[in-house]
Amino acid sequence: MMNSIKFIFLGDVYGKAGRNIIKNNLAQLKSKYQADLVIVNAENTTHGKGLSLKHYEFLKEAGVNYITMGNHTWFQKLDLAVVINKKDLVRPLNLDTSFAFHNLGQGSLVFEFNKAKIRITNLLGTSVPLPFKTTNPFKVLKELILKRDCDLHIVDFHAETTSEKNAFCMAFDGYVTTIFGTHTHVPSADLRITPKGSAYITDVGMCGPGFGSVIGANPEQSIRLFCAGSREHFEVSKCGAQLNGVFFEVDVNTKKVIKTEAIRIVEDDPRYLKQDYFNLI
């Protein structure tokens, strides 16, 4: 008899829209897919940057089991020491020792579920613009894999470019259970089970504002940035909402992914879709 574990992985939670669409839909999704575990990237949960203690607890109450992060992990300074040390939260692993917060939290964790040792790892790509140094994610993950201390290994690769994520997949196909790209907030159309049995997608997408936003932010600010080089704090758009994620099932005996499916829910507000931004150019 096959022993399998079913997972839901949700992309970057961005602001109030992302929090609420998860709260309103996660229980139904867990029931639909009979999911055993839910993993969420929460690096943009609090006003678009970082994760506060209040919103960490919000996600847990909504039914999230484990949380991954990204380049905005350290933005919510007030709650940082508490949140980053939560046993079910994984911040980026490949931090250089010169980074002030490199010794806070964990970049990878191992837990047991259904007689399987499961590892979750969070890594930053070399293509993400950062104000601090990181170590090479390829070399860091290889070193971790060589420990051979888990049955399943779920990797959240928080990176900017499609080429780096594709290269990551080619390098680690069959050596980890999943390689899920995060960070760009736009879901890619390449979800697949690789020839060696890993699940891969270049970017899962986000749980946040809908199509009336620019990857979650107000369009006006993004247009001014690209047209005039305007540098301002991006505000989270109030237009509708979208939820993007991946369902996947793993055969514990073979350690291979046997099923994947993209998850997408869109709840757009037509008022924002009809806005005219032409005169901003």
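From the backbone N, Cα and C atoms, a Cβ is placed for every residue, glycine too.
The Fe cation 1 binding site feature in Swiss-Prot is assigned to D12, E43, N44, H185; the stated evidence is experimental evidence. Of all the Cβ atoms in the protein chains shown, 31 others lie within 10 Å of the Cβ of D12 (Fe cation 1 binding site).
Around N71 (Fe cation 2 binding site), taking its Cβ as the centre, 22 other Cβ atoms fall within 10 Å, counting all chains. Annotation source Swiss-Prot lists Fe cation 2 binding site at E43, N71, H158, H183.
What Swiss-Prot records for H72 is active site, proton donor, and it gives similarity to another entry as the kind of evidence. Classification of H72 (active site, proton donor) by DSSP places it in coil, neither helical nor stranded.
Sequence-distant contacts of N44 (Fe cation 1 binding site), defined as residues of its own chain at least six apart whose C-beta falls under 8 angstroms from its C-beta, comprise D12, V13, Y14, G15, G18, G50, G70, H72, M206, G208, G216. Annotated Fe cation 1 site D12, E43, N44, H185; additional same-chain residues within 8 Å of its Cβ mean position, judged by their own Cβ, are G11, V13, Y14, G18, N41, T45, G48, G70, H72, T182, H183, M206, G208, G216.
Taking the Cβ of H185 (Fe cation 1 binding site) as centre and 10 Å as the limit, one finds 24 other Cβ atoms among all the protein chains shown. Apart from the site residues E43, N71, H158, H183, the chain places the Cβ of D12, N41, M69, G70, H72, T73, P92, L124, V128, A159, T182 no farther than 8 Å from the centroid of the site's Cβ atoms, the recorded Fe cation 2 location.
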